[in-house]
Amino acid sequence: MATTRMVRVSQDGSGDYCSVQDAIDSVPLGNTCRTVIRLSPGIYRQPVYVPKRKNFITFAGISPEITVLTWNNTASKIEHHQASRVIGTGTFGCGSVIVEGEDFIAENITFENSAPEGSGQAVAIRVTADRCAFYNCRFLGWQDTLYLHHGKQYLKDCYIEGSVDFIFGNSTALLEHCHIHCKSQGFITAQSRKSSQESTGYVFLRCVITGNGQSGYMYLGRPWGPFGRVVLAYTYMDACIRNVGWHNWGNAENERSACFYEYRCFGPGSCSSERVPWSRELMDDEAGHFVHHSFVDPEQDRPWLCLRMGVKTPYSA
């Protein structure tokens, strides 16, 4: 791949561009050069769209607390600089940030949907792209915060908050050392695997799940698709998690096909003996498939994640 290109975004006019979207627009279609868009501290209030074929883009901030991409679209009310025929409608089109370009990286960025509680589906970011990685990022919202729609994604040291189905979609995702915060009652995940032949699913590895101080109000997940697959391994769960753990989305047939697994989790919310009978604890040999990076980086002769982790470009580069 060609030499990395650096551009800087600053809302005060001191950078190469004043808006994140202007910087993205400068990247050519079919891009093969890693383009690092360095975001100066600030709250960037506009919807952001990374189109298909604008690949190898990095968003880099100094700290997620002071570098925020935010907008307030909901599934029922979308204001965007792109037409609905481009970004979609409803939940699919309402993301504050929409990423469709492959090999995307974000570091030290907050992705927020600022629509208030009770607004319905309000996505902070939708990722419809392969080989994407997020490091030390925050994802803020209420319902449907993080839409991991399609492709393979890796999240490390991230903070994700919400209430209803706030990590959802049908990608293959590994979330490692992440903090999952449950703001009010609902469901953490809604994974939508449609067939047992699909390799998709969400793995939470060495994560921490916290709540708002109340007990027993949050489910670990429910199957948006009949074969929804979620694995929690070596993860701390506080008392916000309901003892039963999982929900069938009002359809008993889902209990025959959903794949909801736990492995060596701990904390007051990890009541494995009281879980619904159609979820289960993995055996050691079964867990091996899920607790390694190969879950999202399966091709040993064409690895992407190990290379990605070695070529991260810090903000100061």
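Just so you know, glycine gets a Cβ as well, placed from its N, Cα and C.
Listed features, source Swiss-Prot:
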- Thr91, Gln121, Arg222, Trp224: substrate binding site (BINDING)
- Gln143: site 'Transition state stabilizer' (SITE)
- Asp144: active site, proton donor (ACT_SITE)
- Asp165: active site, nucleophile (ACT_SITE)
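When the recorded positions Gln143, Asp144, Asp165 are compared by Cα distance to Thr91 (substrate binding site), the shortest distance belongs to Asp144. Within 10 Å of Gln143 (site 'Transition state stabilizer'), as judged by C-alpha distances, the recorded positions found are Gln121, Asp165; the full candidate list was Gln121, Asp165, Trp224. Maximum intra-site Cα distance, substrate binding residues Thr91, Gln121, Arg222, Trp224: 18 Å.
For the recorded site, Arg222 (substrate binding site), the DSSP three-state label reads coil. A straight line from the CA of Asp165 (active site, nucleophile) to the CA of Asp144 (active site, proton donor) spans 5 Å.
A separation of roughly 12 Å, to the nearest angstrom, links the Cα atoms of Asp144 (active site, proton donor) and Trp224 (substrate binding site). Within 10 Å of the C-beta atom of Gln121 (substrate binding site) sit 23 other C-beta atoms, taking all shown protein chains into account. Taking the Cβ of Arg222 (substrate binding site) as centre and 10 Å as the limit, one finds 25 other Cβ atoms among all the protein chains shown. Annotation note: Asp165 (active site, nucleophile) sits in a strand segment as assigned by DSSP. The substrate site is set by Thr91, Gln121, Arg222, Trp224; from the centre of their CB atoms, other residues of the chain with a CB within 8 Å are Asp144, Val164, Asp165, Phe168, Ala190, Ser192.
The Cβ of Thr91 has fewer other Cβ atoms within 10 Å than any other of the recorded positions Thr91, Gln143. Remark: Trp224 (substrate binding site) has Asp165, Phe168, Asn170, Ala190, Gln191, Ser192, Trp249 as non-local neighbours, by Cβ distance under 8 Å and separation of at least 6 in sequence. Residue density at the residue listed as 'active site, proton donor': 27 other Cβ atoms are found within 10 A of its Cβ, drawing on all protein chains shown.
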